[in-house]
Amino acid sequence: MAAKDISTEVLQNPELYGLRRSHRAAAHQQNYFNDSDDEDDEDNIKQSRRKRMTTIEDDEDEFEDEEGEEDSGEDEDEEDFEEDDDYYGSPIKQNRSKPKSRTKSKSKSKPKSQSEKQSTVKIPTRFSNRQNKTVNYNIDYSDDDLLESEDDYGSEEALSEENVHEASANPQPEDFHGIDIVINHRLKTSLEEGKVLEKTVPDLNNCKENYEFLIKWTDESHLHNTWETYESIGQVRGLKRLDNYCKQFIIEDQQVRLDPYVTAEDIEIMDMERERRLDEFEEFHVPERIIDSQRASLEDGTSQLQYLVKWRRLNYDEATWENATDIVKLAPEQVKHFQNRENSKILPQYSSNYTSQRPRFEKLSVQPPFIKGGELRDFQLTGINWMAFLWSKGDNGILADEMGLGKTVQTVAFISWLIFARRQNGPHIIVVPLSTMPAWLDTFEKWAPDLNCICYMGNQKSRDTIREYEFYTNPRAKGKKTMKFNVLLTTYEYILKDRAELGSIKWQFMAVDEAHRLKNAESSLYESLNSFKVANRMLITGTPLQNNIKELAALVNFLMPGRFTIDQEIDFENQDEEQEEYIHDLHRRIQPFILRRLKKDVEKSLPSKTERILRVELSDVQTEYYKNILTKNYSALTAGAKGGHFSLLNIMNELKKASNHPYLFDNAEERVLQKFGDGKMTRENVLRGLIMSSGKMVLLDQLLTRLKKDGHRVLIFSQMVRMLDILGDYLSIKGINFQRLDGTVPSAQRRISIDHFNSPDSNDFVFLLSTRAGGLGINLMTADTVVIFDSDWNPQADLQAMARAHRIGQKNHVMVYRLVSKDTVEEEVLERARKKMILEYAIISLGVTDGNKYTKKNEPNAGELSAILKFGAGNMFTATDNQKKLEDLNLDDVLNHAEDHVTTPDLGESHLGGEEFLKQFEVTDYKADIDWDDIIPEEELKKLQDEEQKRKDEEYVKEQLEMMNRRDNALKKIKNSVNGDGTAANSDSDDDSTSRSSRRRARANDMDSIGESEVRALYKAILKFGNLKEILDELIADGTLPVKSFEKYGETYDEMMEAAKDCVHEEEKNRKEILEKLEKHATAYRAKLKSGEIKAENQPKDNPLTRLSLKKREKKAVLFNFKGVKSLNAESLLSRVEDLKYLKNLINSNYKDDPLKFSLGNNTPKPVQNWSSNWTKEEDEKLLIGVFKYGYGSWTQIRDDPFLGITDKIFLNEVHNPVAKKSASSSDTTPTPSKKGKGITGSSKKVPGAIHLGRRVDYLLSFLRGGLNTKSPSADIGSKKLPTGPSKKRQRKPANHSKSMTPEITSSEPANGPPSKRMKALPKGPAALINNTRLSPNSPTPPLKSKVSRDNGTRQSSNPSSGSAHEKEYDSMDEEDCRHTMSAIRTSLKRLRRGGKSLDRKEWAKILKTELTTIGNHIESQKGSSRKASPEKYRKHLWSYSANFWPADVKSTKLMAMYDKITESQKK
């Protein structure tokens, strides 16, 4: 559509009509405004109370300043419940420097932006907007991401194309002065109270004219925020942020306020949100910690004491240097704490060293004076004594007190005992979940204020800052560094991310909170923590074990490796004397190392807790969904336990959704509104639909009304994030104040929400939590009522949730309401959970703190699922009046008929009364031996069976038709090939296309069917691991290869390798024939040259000699097609298998017990040149060990392996300099600092990267096998000075040893790409001309003094000091033209290249003089043959080209001078 066809109104309102400019990134819907996004003023920003932070997508990857893959390269097989915050963040600023010395009096350290901290005013809506979102029905396993990216504290800001262009065209200074955040606004004091402005919606110009703005500047902290007018700000960077702020906070705010449909309650919510936002910014003015101090020189020659200040709720990377005088006035207590830390006598360097025997245990009968901040209870003092007793014996243990008994306080107090009573000053490390980090910090501040405890979290820059300023007292010391802190508090994620840094420290004590996370001995977290050098370990968990004996073995083995053997499972369904004896023996062995106390035993003052199950009918809509789910999955249900586990589990999840709320299904809301409100989206209809469509919501609505009236405060737990969204909509429409916490809420906002809810004057009535994210160590005891909206498979998760309110410090009786839908799977799940709890506590009574050992998984197996699904299903097919019951529901009746549910039996640690206790809870199992045919009514059953039979008949007919079609197609192809008719082959393609999808499905299910995807996976695996015959089962198990039969993969592997050999053999044969033919022509041509029939100066460029030379140096990848996959590299396959086989044999035969001891011995490979890290022979050995361990191309794993020790010497994610890339194509000169954008600068990219590592490994493998001359390794490609020297002739290798030009794994280009593209990257130097052999990629063409680097695409001179004239000549010369011109005297060039090491000095001088004369004479005869350059200029080009063959580095001008001198002497 042309612009003229668009109306003026549309053009003036592009956001309203969905228009955007083509050169801009598409606007993304955002829930909260982030005014740092100054480059996209067309965003239509949506408000939502559910999301506190902005989702930011950084489209400019080259400006990313994070640690790289992230976290994408991190292992994620053991993930956390609450730490998946990757999508939340703050903008990144370019050229930000770390905190360092400043010379200005004010704070000039570049703080990182806090734009994401700006949660905006909520624009109230009159109806739900949930249908506009992508629905997420998943149970809240998003919290299960162990790798929570705490970079959400401060992530990247998406930079617009305009800003990128501006940044590259006009580089900003290190600390530019610009707008970081616009915080607030007010009317100018010169105006009246805005009588007119308040009644109209201002435009952007009015906002600029009439308001002042509170600005946070980019180069200063929030302490230096200033009020500015638009005119006083001037033209500074970030001015567009001011425009965005005006649109969002003034214009849109006024539009909402003037909307006649907006209620007073909505405006009140907006005002409260604005106040909350401003209160949050006030927090950024408060110093939280003083990190360091310095004496800075000012411009007037004086000096000033400055403090490096970390601000409250901001990360370490936003710390700034401030005038100490100002900070002393602002935060004197923090200054005192800093001084105390600087003068501390409990630094780790002052620790006592108990080498032989530790001091004997001395019981603490009273609370020692160094445990401050409160009074320990007797059982807590007992816990400290128990931990001290274990330490004295050198043992480790599990603190398994029930939730809410103060395990955190006991651990902190024990660390204080270690430091003050045993002089074990640290460093100690505590690993905790993200959600509990604030609670741990508060506990240290209260109970151990004298300890230096640092919180190790945040983005990469924050952690770098922590390591630089908080880790060592002497960070710049070359020798041993001394630790500065006593305790390091961190999360699981950073154990994995910074395993190398943290794992290199010797820790005196390690505590792991929520230690059931270590139940999987194969997880990356377990492996990482187990590799730490720790003197003592303590595991902390309120739910010691949740599944089986194997998990108990993992925990015990983590504490005391090899001390216990626990391998026998326990079956409580079939108990016998032998098993009972085993339990008692297990109890006896483990009892000393596990301390487990229950609240009922040790805390008599704790208020009671009552749990009630409230059963409610399904609504008509829910019943319809429930019934449809059962009938539409008839075939899967009838398979029962014989069927697939996952299919039944999916049905179970769908039924649980139907039991909760129909809005969890697509398009359900529209149907409900049609029923309850004639389809009208009014506020009343939306609220009525939300409530009346779900039985639980009807009950919850009445329950919350009653609870609020009685002054209670409520925690509502659900497993489903989407259910929390629905509850949030309900509370918002009802005008109920609430907080929310789930895996999508970033850490900073979590703490704010918890503190806001717990504050004495809080007006929050409800806290919405996901069962998992909200069930880990959070203290919400200001609430006295818990509502479990839907029960978890694992009863421990619900117990964790209840313990948020029922814990020490709670003063009120705690009521727990568990909502259950009648006659649904929820009732049976609850019953089975009840049995699990009874058994668990029975086992605890025997001393074995294992939970659900009778099942191997929390989730039931297929047989159990089938039984659970049948429960209550029959009632779904009978007519009911549930909807009428819901409309007439009486809360008192429901409460009177509620069932009391005991989740914490009155048993404790007593060994008495076990049998009697179990008898009290005997339950009658629901017999699930009936059939689905008995559940579903006969009429519907007959209909389902008819449909099922019809479907089977159709499938049979379809299969027969497909067979006939394939037979017909085969006959037609044979017929067409015989008749020579190629056009008819595709005549029936339309008919055939209908069966392709079914054939693909059939192949996917066929274990012996190998398709293109399997072939590609196999090809990549060969390039990575070499010979796969012995590891096929491992590759299939870990997902590297799709699941197919071993035998078929073995056959395919043999076929692929055979095809590769045949392809190489054929290529060799063809090449040999062509070379023989060209050699004959070249011989005849040489004869003509010798006889004078053809003059050397008149010979054409395209002559037989040139063609032969080009063919000899030609190097193209040998590609072949295999089973539909095109362009597989034959040479790479063959050579990789041989190389890796040689490496494996070498290490296994000599270093099988410890591969890390592998050594190159006396063989010294050629050193690398100009790599960014100090790369020696030792690093080469570690690199080969890494390839042996992880496979070729697994650079990330090799880099991250702390045992290899090359973590900081590999740079895989450095960003290329886009300016350098652009200029490299037009510049052949040596990069100089004065020429911006020419070549590669030292800051553009660090090496080695993936490509360099691949080439280095290729060289090392060939070096080991004796296939490379050590004088010219390929690993030096990419260095700024390439070695020159004589290069041996190499005979062409056999086919199975040759290699392709492009290393497939290491290069960013695909391995099977077109060969022509790879050939373009080859250097076109004279070495290829003079070499009579076909070159291997491991033996590159002898490098020119200025050649193209395949690593970065720029030309790099071997002689940086060469004159500018020579560089200019080489810039303009046509190297290809020079090569053709000089090809006639290739013998002389070749003789020069060979050098004269074995010759007498005089003899060599004579040869040099002869060959130089020959070259010079030829140049003189050819200098006028160029059409592009003048004779004199072309003469310089030819000499410059010839200088590359001189055996030493020499300028072409010197060669010209030498030739002129020889010529003059000859004339005389």
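Every residue gets a Cβ built from N, Cα and C, even glycine.
Checked against Swiss-Prot, the residues S221, S608, S987 yield a single entry marked phosphoserine: S987. For the annotation phosphoserine, the record in Swiss-Prot points to S36 among the listed residues S36, S344, S1308, S1346. Here the candidates are K329, K835, K1144, K1209, and Swiss-Prot annotates K1144 as ubiquitin cross-link. Per-residue pLDDT, averaged along the motif 'DEAH box' (513-516), amounts to 84 for this model. When Cβ atoms from all protein chains are considered, those within 10 Å of G404 (ATP binding site) total 21, not counting its own.
T408 (ATP binding site) and K1144 (ubiquitin cross-link) have their C-alpha atoms 49 Å apart, to the nearest angstrom. DSSP assigns D401 (ATP binding site) to coil in the three-state reduction, placing it in neither a helix nor a strand. When other Cβ atoms within 10 Å of the Cβ of T408 (ATP binding site) are tallied across all protein chains shown, the result is 22. Taken residue by residue, the domain 'Chromo 1' (195-257) breaks down under DSSP into 36 helix, 12 strand, 15 coil.
Taking the Cα atom of each, L405 (ATP binding site) and K1144 (ubiquitin cross-link) are about 54 angstrom apart.
The Cβ of L405 (ATP binding site) has 25 neighbouring Cβ atoms from other residues within 10 Å, across all protein chains displayed.
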